[in-house]
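J.: TrEMBL lists these features:
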DOMAIN    B:14-268  domain 'Glycoside hydrolase family 65 N-terminal'
DOMAIN    B:324-690  domain 'Glycoside hydrolase family 65 central catalytic'
BINDING   B:W359, B:D360, B:K602, B:Q603  substrate binding site
ACT_SITE  B:E490  active site, proton donor
DOMAIN    B:699-760  domain 'Glycoside hydrolase family 65 C-terminal'
Protein chains: 2
Amino acid sequence: MNQDYIQPDPWSIIEEGFDKEQVKSSESLFSIGNGAMGQRANFEEHYSGDTFQGSYIAGVYYPDKTRVGWWKNGYPEYFAKVLNAPNWIGINVTVNGEPLDLNTCKEVTDFRRELNMREGWYRRSFKATLPNGVEVRINVTRFLSLDFDEAGIIRYEVTPINAQAEIKFEPYLDSGIKNHDTNWDDKFWNTTNVISDGGQAFIEAHTMKTHFDTCTFMESELYHNGEKLDVAPAATTSELFVGHEYIQKADKGETLALHKFGGYTVSRNHKADGLITAAKKVLKKVTDFGFDELLDRQKDAWAKIWEMSDITIDGDVKAQQGIRFNIFQLNQTYLGTDSRLNIGPKGFTGEKYGGSTYWDTEAYCIPFYMATKDQVVARKLLKYRYNHLGKAIENAEKLGFSNGAALYPMVTMNGEECHNEWEITFEEIHRNGAIAFAIYNYYRFTGDYSYIPEMGLEVLIGIARFWNQRATFSTQKNQYVILGVTGPNEYENNVNNNWYTNYIAKWCIDYTVEQLQKVKDGYPEDYGRIIGKTKLTDAETEQWQIVASNLYFPKSEKLGIFLQQDGFLDKELITVADLDKKQRPINQKWSWDRILRSPYIKQADVLQGFYFFEDHFTIEELEKHFDFYEPFTVHESSLSPCVHSIQAAKLDRMDQAYTFYLRTSRLDLDDYNKEVEEGLHITSMAGTWMSIVEGFGGMRVIDDKLSFTPRIPDQWKSYSFKINFRNRILKVTVDQEGSKFKLEGKEEMSIRVNGNRLVLNPGSETTA
Amino acid sequence: MNQDYIQPDPWSIIEEGFDKEQVKSSESLFSIGNGAMGQRANFEEHYSGDTFQGSYIAGVYYPDKTRVGWWKNGYPEYFAKVLNAPNWIGINVTVNGEPLDLNTCKEVTDFRRELNMREGWYRRSFKATLPNGVEVRINVTRFLSLDFDEAGIIRYEVTPINAQAEIKFEPYLDSGIKNHDTNWDDKFWNTTNVISDGGQAFIEAHTMKTHFDTCTFMESELYHNGEKLDVAPAATTSELFVGHEYIQKADKGETLALHKFGGYTVSRNHKADGLITAAKKVLKKVTDFGFDELLDRQKDAWAKIWEMSDITIDGDVKAQQGIRFNIFQLNQTYLGTDSRLNIGPKGFTGEKYGGSTYWDTEAYCIPFYMATKDQVVARKLLKYRYNHLGKAIENAEKLGFSNGAALYPMVTMNGEECHNEWEITFEEIHRNGAIAFAIYNYYRFTGDYSYIPEMGLEVLIGIARFWNQRATFSTQKNQYVILGVTGPNEYENNVNNNWYTNYIAKWCIDYTVEQLQKVKDGYPEDYGRIIGKTKLTDAETEQWQIVASNLYFPKSEKLGIFLQQDGFLDKELITVADLDKKQRPINQKWSWDRILRSPYIKQADVLQGFYFFEDHFTIEELEKHFDFYEPFTVHESSLSPCVHSIQAAKLDRMDQAYTFYLRTSRLDLDDYNKEVEEGLHITSMAGTWMSIVEGFGGMRVIDDKLSFTPRIPDQWKSYSFKINFRNRILKVTVDQEGSKFKLEGKEEMSIRVNGNRLVLNPGSETTA
């Protein structure tokens, strides 16, 4: 770990004491979001110290022109990125004419931040002595409403401590914002309208090129010792800015509070010419409720989320805090209300990765959303890819494939490829497999087959066509091979016959052929439509099967293991344990070529295949492969520890599983990778959830039934989680004695625990 | 080929007729240079059409900040590039107040360009009807002096044809120039001084960061019907510009001529504060001589160059023109007068490749310079690398090597790596081998061993250390392997055990060990100094030898060939002949991944090894490898056809050799690669010379003696070339009957022709 200033607490993230060095880290860690918008924990009042501003609107992106040193044919022209949006949170504060700025105060004491995850709000409080000698107590509470997801609410309280003082609040909107992440310093936003209208203000601005129209809005109320004052603000407007001034005196000990209601209306959801009208409607609603009632509704909304998705851990507050932080952030990022949206690796907490979609969604996030939400949410995530199928086919065509072969992009916003690193963009093609696997996984878990005839089969056909064309025949091996790929372990590039890629390629074809038959038999109308649309012939599927059944898999007979790729055993096989610690992390200490020729593995690769397809292999085979590959794994991807935690648990190596668990669940809180100030690792947080539910809980779906093999780390007294399995809610509690299962609803359900059938009756807890 | 507008002529490059579409191509093809400066064939007068301006000063470069999409550890911070320098050639011309602009003239007839290679000048003439109806004849002659290499001279003649006219000449200097090739639109030049002083003018400017101070200068003379006029120009100066106005009336048929003397003095060669003084000295010299005498001296200077380096081809004017164009351009680019300079792939004819040094110099250019110049020139090219040894060691350290291991950069100006593409920068390490090979080759050809104890051995030790560290031991193979490299064929990246790389690595170590012993025995003082400096121990050289003698070479026993790399035979081995022509060139038609997994070879790779080390292999082995690899070779590198031409000739396949020869010798004239407007392929021009001398002539050095196996294409009557072998000048003439040898000097010399010893007596021609 790299930091430990976050206070342990089961439900809150807490920082105590003001440290300028931690401002940017805390801006990430205390981020808030509601699925539609997100906000880093920037101060409302002016701060002249080092800060990383970030306000984001889901789905509002800009295609930034690709920047490369050396162009390769096939590179996309643009990288679509979610932009830093106009600032709606700003409230400049002056005390007797002196600006409040934490960077210049004489003294700051009692500084405390709390992100209350249970209730969904963020609070910052401190006492400050301004350069003019006035002492004030500040208390700011902020949240992004789950009920009204275009709005955020701030209550900014100022209490003079040592003297009467004149306080000026200047809530403002500012569209003079910049992206840190920009390839060419393009102008991203064009501001077209700045309006102050009584107590309300609006800035209309659109993104360049994509022309997303947005209206950033605000309205404020001033309170004196809890009493609302009827004051009209003075307004300042300029080209990119509108501010409102509220000036009021407060005696020692009296509290002035500004309630600011703000947010965005966007042309994704409204008519472009009706954004101000829509904003006024939102403001009407939220001001009618007022701060307190909105906060109550926020607590209720989060209570509902926690009701289903909470995981409790008893006896290990850091582990408890870690898992809740992960679950909280996932829910802040994506709530499944909009199938045009997806889950970016940094969510709304930073600019890195452009807020775009990676294979992380299918490989890591879908299990979490399937089990903790209604199945419609996971279906929306699948539909997102179905909607992008045309673009995936175009993407494959750009790379020379034809006949409806689909290659889903490595990184995307609207279905087009954004990424431009040949060894990834063109070669990390296993992502196509994860997208097919998610379809299988969705059906396996939810039992909802309808997605496959309605949408999924077309996706599968595009993917199977891709693999069929991508494999080539090796006369020498008399088998099909897949040359020039990058596997999940990105510390190998342009290798031949990455075992994971070959394995998932074969699986994709086999699974598609199986589904074709199933849809033909059970959904003849859909089948006819799909065959008509895709022009799929029997001859073509036969060719697929020839490829699938003659695909080559590298292995070592001597070691009895599959090889990560051709030639892996030619490396200098020095384990990570024998690697000088000063050389790590290798992605910071070594040049790229040195990493590539080393045996070190960034994240599960062969073991990712053993995770996806565990029922294809015996536990002995898993153990052999885990024992061979894990010692070479440096876990320098946030997606690495979770899969290893699950497999270590399965192998009953609970100490190792627990170590991996801590690393995944507190990756950001403890800043293992020394980069939390750039934002949080949102998608890997779903892997943390898997570590508990699938790792420690041993949850699987086998033959349409839930199955558990519960284990518990020595460090814990107990833990519990809930699963929504095919609209049945099951609570699982595991302690050092054993496990208990409690079913909601009315009908009984049978599950398997440690291989034994267990019939659960609703309402009562059953001990296994 | 892609164009054929260049008129065939044995000594000149000629374009007839004005075609705006060809302006940029011709600007490359008619470029002039004198080793110290270069100038694309831009028009002197204003041209409002599409043009690519280029004036270059050898060795004046700027470190442009690296631009990449995704940073990899180890990338250099800068790419040093020779900059487009202030314009000294400009002469605006107006006729009765109407600007002469070839893009807007009513009519342009009799347009002709000639680059006279024999005499080293460039001339452009045409008749134009201006928009105001005045017809003029224009005749412009320009050259860069070989005698005074800081100066260029222009004679610009205007003759009104249909009316008396007032002609205004405005010769100017302009430092408001831009690079096309710029990563961040940096300001490259800072202009500090703009002076008009009587008939002279000066602009002082320095490059940013590197702070090369330069003075661009000019002085002009006006002539009326050959009579010099005593006129003082009016001057216009601004921040980046100085122009002189000469206005004069000419009657119909009378000729006004402006003689412009201009060029650069640079702080590389003078004190920074003495550049104007130095410029005035140059101007004094060149104006004292005057245009005609300078042109005579130019003819003499080029005659001397041709005397030694000309190759004649009788019966094939296009082949004759091609080889002379190649020899001419090489001499325009590098004359061996300055060991700080080297040979950029585009010379002074464009911005691509930044005017920097590649392994092309060692692999392709050194043989040409060794055989056509005094050996001191080749020695200077070797010394250039010796001077960069410290930087090569630093470069290796950046990539994790230690103990004095040296990795020469892929691209460099001052010894530091400039390139930033991991698969090239970090992995195309065979370049180190070419640098060692050049040392061997220099000694083999010149017999000058002194370079090795004085400088070469230190370079060899650094290189041997690199290979020793770069090879790793494969337990599986029980041999040393070299993983993760890019061979000469850049259509394969990050492969294991590239045969060429492994072979040259072993050779480097073996050769270094051999030289260590030789220096120890013959030059004990040097040996002591070097051992002291490098701290080389016997234990270390023993370790080298263990690696060298246990290095693995991929091969196919079945096919009886060495494999380009591990796994090559797993590719779909479809020959180029069977590849759809529409798919070519694959580097324009295919995405990078598709190229990588194909069997197609960009340039000689295994065959490059067979070229360098031909005496290690039998002719049958060569034939087998040529027959296997050439059919997969797309020759999409300018460096490819020459090596294949040499080998085809050796295999007595003269038709194929001739086809390759034409492609290499007329690559730019016929614009095979559709890119001549970007500049010429200078370094591959040396390969063309090799195609004739080593290919058709079959020249080799065997046991300190010249040896020939002369062949001649059916298309030629005869050809001849001269060789400076160890300060003996030998002229070789080959015709369809046989070959003749004529030796200069006083002593006899024995050579081998077709394996038979032949004793040559000076002065008389000996027929073989």
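Just so you know, glycine gets a Cβ as well, placed from its N, Cα and C.
Note that TrEMBL annotation is computational and uncurated.
Source: prediction; values computed, not measured.
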J.: Taking the Cα atoms as reference points, how far is B:D360 (substrate binding site) from the residue listed as 'active site, proton donor' in Å?
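T.: Approximately 14 Å lies between the Cα of B:D360 (substrate binding site) and that of the residue listed as 'active site, proton donor'.
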J.: List, in sequence order, the residues of the same chain other than B:W359, B:D360, B:K602, B:Q603 whose Cβ lies within 8 Å of the centroid of the Cβ atoms of the recorded substrate site.
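T.: Once B:W359, B:D360, B:K602, B:Q603 are set aside, the remaining close residues are B:Y358, B:A363, B:P488, B:E490, B:S637, B:L639, B:S640.
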J.: If you measure every Cα to Cα pair among B:W359, B:D360, B:K602, B:Q603, the residues listed for substrate, what is the largest value in Å?
T.: 16
J.: Please list, in sequence order, the residues in the chain of B:E490 (active site, proton donor) that are at least six apart in sequence and whose C-beta is under 8 Å away from its C-beta.
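T.: For B:E490 (active site, proton donor), the qualifying residues are B:I424, B:E428, B:K602, B:Q603, B:S637.
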J.: Should B:D360 (substrate binding site) be counted as helix, strand, or coil on the basis of DSSP?
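T.: Going by the DSSP assignment, B:D360 (substrate binding site) falls within a helical segment, counted as helix.
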J.: Have a look around B:Q603 (substrate binding site) and count the other CB atoms within 10 A of its CB, chains all included.
T.: 24
J.: What residues, ordered by sequence, lie under 8 A Cβ-to-Cβ from B:W359 (substrate binding site) and sit at least six positions away in the same chain?
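T.: Listed in sequence order, they are B:Y408, B:M410, B:H430, B:R431, B:A434, B:I435.
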J.: Taking the Cβ of B:K602 (substrate binding site) as the centre, count every other Cβ atom within 10 Å, in any protein chain shown.
T.: 22
J.: Using DSSP and collapsing to three states, where does B:Q603 (substrate binding site) fall: helix, strand or coil?
T.: coil
J.: Compute the average pLDDT of the predicted model within the domain 'Glycoside hydrolase family 65 central catalytic' (B:324-690).
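T.: Average per-residue pLDDT within the domain 'Glycoside hydrolase family 65 central catalytic' (B:324-690): 96.
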J.: Taking the Cβ of B:D360 (substrate binding site) as the centre, how many other Cβ atoms fall within a 10 Å radius?
T.: 24
